[in-house]
Each structure stands twice: as structure tokens, then as C-alpha cells.
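What Swiss-Prot records for this protein:
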type    : residues                         : note
DOMAIN  : 1-89                             : domain 'Glutaredoxin'
BINDING : Lys5, Arg42, Phe54, Ser67, Asp68 : glutathione binding site
BINDING : Cys13                            : [2Fe-2S] cluster binding site
Amino acid sequence: MLYMKGTPKMPQCGFSARAVQCIEACGVDFAYVDILANPDIRQVLPQFSDWPTFPQLYVKGELIGGSDIIAEMFQQGELEPMLRDAVAA
């Protein structure tokens, strides 16, 4: 689940756009929540996750991180197997 600003087709910030690019390049379907359309989630999720910024990627209920971590994992070849494993589960 990607909590992001905007939608995958219309990201509303560069960080969300970069996260979507990396995830889509892995070739897996993913769910997302547009936090701009859900102000309650936008306010509460950073307190819950102890992660102050968006996007936030969760896999199997666990926070993976934001845009920088997603991009780093993608570049190191770690993101795709993790996402494929989650989709297969």
C-alpha cells in the first residue's frame, strides 16, 4: 500500500512520482491512498508510523519507508522481489 500525494497517474509531488515510478518498474499491481483526498489519514499516519513525510510504502503491514528508501531498494534490486513476494502471499 502506497500512501502518496495524488494518484499513480497524477502524482502531486516529485517524491510520490519517484516512488510510483520505482514500484511500476517492478511490474506489480499495488494499492494506493491519496492522502490529499483523505486529510484524516494525512494527519494520523505520520504519528502512527513515526515517519513524518509522504509517500509511505507499506508491505504486509510493515512500513518500508519513503521515496529515498524505495528508490534505493529499487536500484539495489531489493524492491521487486519483496513486492512480488507480498503479491504472491
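Positions of Cβ are set from backbone N, Cα and C atoms, glycine also.
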Whole-number Å value for how far Asp68 (glutathione binding site) lies from the residue listed as '[2Fe-2S] cluster binding site' (Cα to Cα): 14
Three-state secondary structure, which DSSP defines for Arg42 (glutathione binding site): helix
C-beta crowding around Cys13 ([2Fe-2S] cluster binding site), within 10 angstroms: 16
Max pairwise CA distance, angstrom, over record-listed glutathione binders Lys5, Arg42, Phe54, Ser67, Asp68: 19
Candidate with sparsest Cβ neighbourhood (10 Å radius) among Lys5, Arg42, the listed binding-site residues: Arg42
Residue with minimal Cβ packing [other Cβ atoms within 10 Å] among the binding-site residues Ser67, Asp68: Asp68
